[in-house]
Amino acid sequence: MYNDSFSCDCADGFEGALCDIPNGNCDSKPCRNGGLCSPTNDGFSCLCSLGYTGKTCERLENHCEKSPCAHGVCRGVWNGFVCDCESGWRGALCDVDVDECDRFACENGANCTNTEGSFSCECPKYYLGDRCEILGSCVSEPCGNRGECIQQTETQHSCSCYRGYTGEFCEQEIDYCSSSPCHNGATCERFIGGFKCNCIAGFTGETCSVDIDDCSSDSCLNNGVCTDRVNGFDCDCNGTGYRGVQCEEDINECLDDVCVHGTCENLPGNYKCICQQGSSSFTISFQKSVYSFTLLFLSNITTVK
């Protein structure tokens, strides 16, 4: 009787309230599943058959306990285990990579690359699918020669237009002159993918926005002051003793009788008065422009600058 509720009728070789104490007797054949019993000082021991374990060889060994399958599922069998390998792996322990490219995994001339447990295909133009087995809608060349067809699904695609074209199928030519990119009276000439500005005289640059500086090449001579104009320039010759478009012509100041009591000698951009002998006074007349001058007295020669 145990705990006033039940009692155990022990099998040969065991004793105790719960029949869990070996009594050192092999006569009752306590070893199961073909195990061999050996008496010991404190009871008995069992030498289990292959595939069994436990005190009395009562249970199968768990060969899957240490997860021996590298890329698969372990399945226990009597006295061993079997590995059910994942796709792309083989071998007793599922540790050998399958080279799918050896089996012509890719179709339609695609390039195959083996990877761990799998493979990838580099599809030729307009093919798609894991094995490049699907011919896409781009084969009909919906973008023409105006854009690149991008295959998205078997029946869907998009067009990446080349420069100069737009629209769903790149069917529209872009007019780059429509935004009036050319300035200062230039005419716009369009072509596929761009435009060209034909500048009027005096302007330069891609859009004719730069006024050419006609004064940059020393257009005015003899210290004339240059003012830039559109396709030209003006020279201010005032005070230089020269005149002309570029101040290139020397002014003959002597034509205006500038020496009252003497002889006038014209010089480049200048003049001088040679006074008569005995003159004690002189008068100088100026033109609109102011010029430097030289006075010479023949009597007691005196030079004034």
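Cβ atoms are placed via backbone N, Cα and C, with glycine included.
Owing to the predicted nature of the structure, the values given are computational and were not obtained by experimental measurement.
A C-beta separation below 8 Å, combined with a sequence spacing of at least six in one chain, links Cys10 (disulfide bond) to Gly16, Cys19. Under DSSP, Cys10 (disulfide bond) is assigned to coil, being neither helix nor strand in the three-state scheme. Annotated disulfide bond per TrEMBL: Cys10-Cys19 (among others), in sequence order.
Here Cys57 (disulfide bond) comes close to Cys31, Arg32, Asn33, Gly34, Gly35, Cys46, Cys48, Ser49: these same-chain residues lie at least six apart in sequence, with C-beta atoms under 8 angstroms from its C-beta. The secondary structure of Cys57 (disulfide bond), as reduced to three states from DSSP, is coil rather than helix or strand. Feature annotation from TrEMBL assigns disulfide bond to Cys48-Cys57 (among others).
Under the heading disulfide bond, TrEMBL lists Cys64-Cys74 (among others). A simple way to gauge crowding: the CB of Cys64 (disulfide bond) has 17 other CB atoms within 10 angstroms, across all the protein chains here.
Here TrEMBL flags Cys85-Cys94 (among others) as disulfide bond. A 10 Å cutoff on Cβ-Cβ distances gives Cys85 (disulfide bond) a total of 20 other Cβ atoms nearby, all chains included.
Cys123 (disulfide bond) counts 21 other C-beta atoms within 10 Å of its own C-beta, drawing on all protein chains shown. DSSP assigns Cys123 (disulfide bond) to coil in the three-state reduction, placing it in neither a helix nor a strand. Positions annotated as disulfide bond by TrEMBL: Cys123-Cys132 (among others).
DSSP assigns Cys161 (disulfide bond) to a strand segment in the three-state reduction. Around the Cβ of Cys161 (disulfide bond), the number of neighbouring Cβ atoms within 10 Å comes to 18. Annotation comment: TrEMBL describes Cys161-Cys170 (among others) as disulfide bond.
According to its DSSP assignment, Cys208 (disulfide bond) is coil. Taken from TrEMBL, the feature disulfide bond applies to Cys199-Cys208 (among others).
If you look up TrEMBL, you'll see Cys254-Cys264 (among others) marked as disulfide bond. Cys254 (disulfide bond) has a Cβ environment of 16 other Cβ atoms inside 10 Å.
Per TrEMBL, the feature domain 'EGF-like' maps to 1-20 (among others).
Among the features that TrEMBL reports, domain 'EGF-like' is placed at 22-58 (among others).
Same-chain residues lying 6+ beyond the ends of the domain 'EGF-like' (60-95) with a Cβ under 8 Å from its Cβ atoms: 50-53, 116-119. What TrEMBL lists as domain 'EGF-like' is 60-95 (among others).
The domain 'EGF-like' annotation in TrEMBL covers 97-133 (among others). Outside the domain 'EGF-like' (97-133) by six or more residues, the chain places 71, 86-90, 139, 149, 151, 153-154 with a CB less than 8 A from a CB of the stretch.
For 134-171 (among others), the entry in TrEMBL reads domain 'EGF-like'. Sequence-distant contacts of the domain 'EGF-like' (134-171), counting only residues of its own chain at least 6 positions beyond either end whose CB sits under 8 Å from a CB of the stretch, comprise 108, 125-128, 192-194.
Positions annotated as domain 'EGF-like' by TrEMBL: 173-209 (among others). For the domain 'EGF-like' (173-209), the mean pLDDT of the prediction comes to 94.
What TrEMBL records for 211-248 (among others) is domain 'EGF-like'.
The domain 'EGF-like' annotation in TrEMBL covers 250-285 (among others).
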Neighbourhood of Cys74 (disulfide bond), C-beta criterion under 8 angstroms, separation at least six: His63, Cys64, Ser67, Pro68, Phe81, Val82, Cys83
Distance, Cys161 (disulfide bond) to Cys94 (disulfide bond) (CA atoms, angstrom): 49
Neighbour tally for Cys170 (disulfide bond), based on other Cβ positions within 10 Å of its Cβ: 21
Alpha-carbon distance [Cys123 (disulfide bond); Cys161 (disulfide bond)] in Å: 22
Same chain, 6+ residues apart, C-beta under 8 Å of the C-beta of Cys199 (disulfide bond), given in sequence order: Cys182, Asn184, Ala186, Gly205, Cys208
